[in-house]
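Novice: For ASP32, LYS37, THR88, THR124, GLU158, LYS267, ARG334, the entry in TrEMBL reads NAD(+) binding site. If you look up TrEMBL, you'll see PHE155, LEU156, ARG157, GLU158, LYS208, TYR253, LEU254, ASN255, ALA256, GLY257, GLY261, LYS327 marked as substrate binding site. Sequence annotations record features per position, and here TrEMBL assigns active site, nucleophile to CYS264. What TrEMBL lists as domain 'UDP-glucose/GDP-mannose dehydrogenase C-terminal' is 320-421.
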Amino acid sequence: MRYRLTVIGTGYLGITHAACMAAMGFEVLGLDVDADKIARLNAGELPIHEPGLEPVLRRGLDSGRLRFTTSYEEVAAFGDVHFVCVGTPQKRGEYAADVSYIDGAVESLAPLLDRACLVVGKSTVPVGTAERLADKLVRLSPVGAAAELAWNPEFLREGFAVQDTLHPDRIVLGVRSERAEKVLREVYEPLGDVPIVVSDFATAELVKTAANAFLATKISFINAMAEVCEAAHADVQLLSKALSYDDRIGGRYLNAGLGFGGGCLPKDIRAFMARAGELGADQALTFLREVDAINMRRRARMVDLARELAGGSFHGCTVGVLGAAFKPDSDDIRDSPALGVAVAIGHQGGRVTVYDPIALDNARKAHPELSYGESAVDAVRGAHVVLLLTEWQEFVELDPEQLGGVVAARRIVDGRNCLDAEAWRSAGWHYRALGRP
Ligand code: UGA
């Protein structure tokens, strides 16, 4: 049987999942409570920047297999399998995750279900959420246990969302019945030979948080080494390169720099600590506090380095900031290290002008107090210090001579260790980087 799928929540995850499932041949109905977003999606317009996604979306719409709605009634009537992809942001003023959107999705859908179906959580949640939602689903659905829950965490990265969805390195299925496992195996069958791990709910939920905690730890490990390198006049780039040849360590997520941001890693490690605390296992994750602290210290160090180059104070100083997104190939500015640094320098009296190839509109909305340039050259015009904070390819390829012609002083801090230090120095720039002499 070809199941009809629905996708509830159209953020980075939901849009990608919906479009890719349609590309795999399924009929898919996406839902969001934001009518404006739904109208744009139905018109083939992406509300986010995600390379390669728009053509997949458009092909889905053109084929007639993909459409979007704001109606839970329609979703309940349409779907055999309902994927829940809503956000679980950090609670304001707390470490814990706000799971109200996911509870809201189940509460809206469940009472409308009139036949057997599978509700599949994909959002990142505190362990124990699936068990709670499974009870809620059965309690609220008129068909009782015929509406079943499963947990199927998502590992896609922004910037590579389509690739990661169509070619995942593993699929994790948290299920309570053979029926649920069978349905999900059939759904993912078109992806071919992908390792599948079948588990209980709690393990499936934990795989996701553990994976993000590991990645965050790896990044903070190399950034801690960068701190030591700075103190010992060593070079973290060479250190990282040498470590990477050890297969047991590997070179991915070992790039030292301004550290991690975005809508996932920072809030996920915090929510993980909060949940472990509730479970009485807080000691097991106290190291994540350090991982978080190392990460945040990189931003502070960047501000210090910029101030040092500015001559000890930002007063009367113009700072050109290259990058606003939390990483290249994304317009996402959630917990962006780049913007964090820009805002901090503004608070300390610097005149900051920011440029980003894609994330400028989002940055402008979130931080109207900063100035924005229309290009890299525009943003650094008259600058006493230039900061490279997001490693967009366009910045990596900047010509130090050309840029040198418009700045007030040739001083640059490479926050992502992505520039050719020699090329910049020989063009007369005072070049500094995090974790390097
Ligand atoms: C992350 C995970 O990589 C995905 O597997 C996961 O599915 C996703 O979170 C999620 O939970 O939804 P993402 O937030 O898109 O994906 O970003 P990453 O590509 O992992 O980068 C995170 C941050 O780490 C960025 O700010 C990046 O600049 C930084 N980073 C990454 C480093 O500072 N150094 C590195 O070596 C690698």
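Each residue, glycine too, has its Cβ placed from N, Cα and C.
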Novice: Rounded to the nearest angstrom, how far is the Cα of PHE155 (substrate binding site) from the Cα of LYS37 (NAD(+) binding site)?
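Specialist: So the alpha carbons of LYS37 (NAD(+) binding site) and PHE155 (substrate binding site) sit roughly 24 Å from each other.
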Novice: Near ligand 1, which of the binding-site residues show up if the criterion is a Cβ under 6 Å from one of its atoms? Options: ARG157, GLU158, ALA256, GLY261.
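Specialist: Checking each Cβ against ligand 1, the ones under 6 Å are ARG157, GLU158, GLY261.
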Novice: Can you tell me the mean pLDDT for the domain 'UDP-glucose/GDP-mannose dehydrogenase C-terminal' (320-421)?
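Specialist: Mean pLDDT, the domain 'UDP-glucose/GDP-mannose dehydrogenase C-terminal' (320-421): 97.
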Novice: THR88, THR124: which of these binding-site residues has the sparsest Cβ neighbourhood within 10 Å?
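Specialist: Lowest Cβ count within 10 Å among the binding-site residues (THR88, THR124) is THR88.
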Novice: Using all protein chains in view, find how many other C-beta atoms are within 10 Å of the C-beta of ARG334 (NAD(+) binding site).
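Specialist: Summing over all protein chains shown, ARG334 (NAD(+) binding site) has 20 other Cβ atoms within 10 Å.
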Novice: When you rank ASP32, THR88, THR124, CYS264, LYS267 by Cα distance to ARG157 (substrate binding site), which of the recorded positions ends up on top as the closest?
Specialist: CYS264
Novice: Looking at the recorded positions LEU254, ALA256, GLY261, CYS264, which has the shortest Cα distance to ASP32 (NAD(+) binding site)?
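Specialist: Looking at Cα distances from ASP32 (NAD(+) binding site), the smallest one goes to CYS264.
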Novice: Give me the CA-CA distance between THR124 (NAD(+) binding site) and LYS208 (substrate binding site), in Å, as a whole number.
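Specialist: Between the alpha carbons of THR124 (NAD(+) binding site) and LYS208 (substrate binding site) there are 7 Å.
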Novice: Between the Cα atoms of ALA256 (substrate binding site) and CYS264 (active site, nucleophile), what distance do you get, rounded to the nearest Å?
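Specialist: Cα-Cα, rounded: 19 Å.
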Novice: In the domain 'UDP-glucose/GDP-mannose dehydrogenase C-terminal' (320-421), how many residues does DSSP put in helix, strand and coil?
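Specialist: Breakdown, helix to coil: 33 helix, 18 strand, 51 coil.
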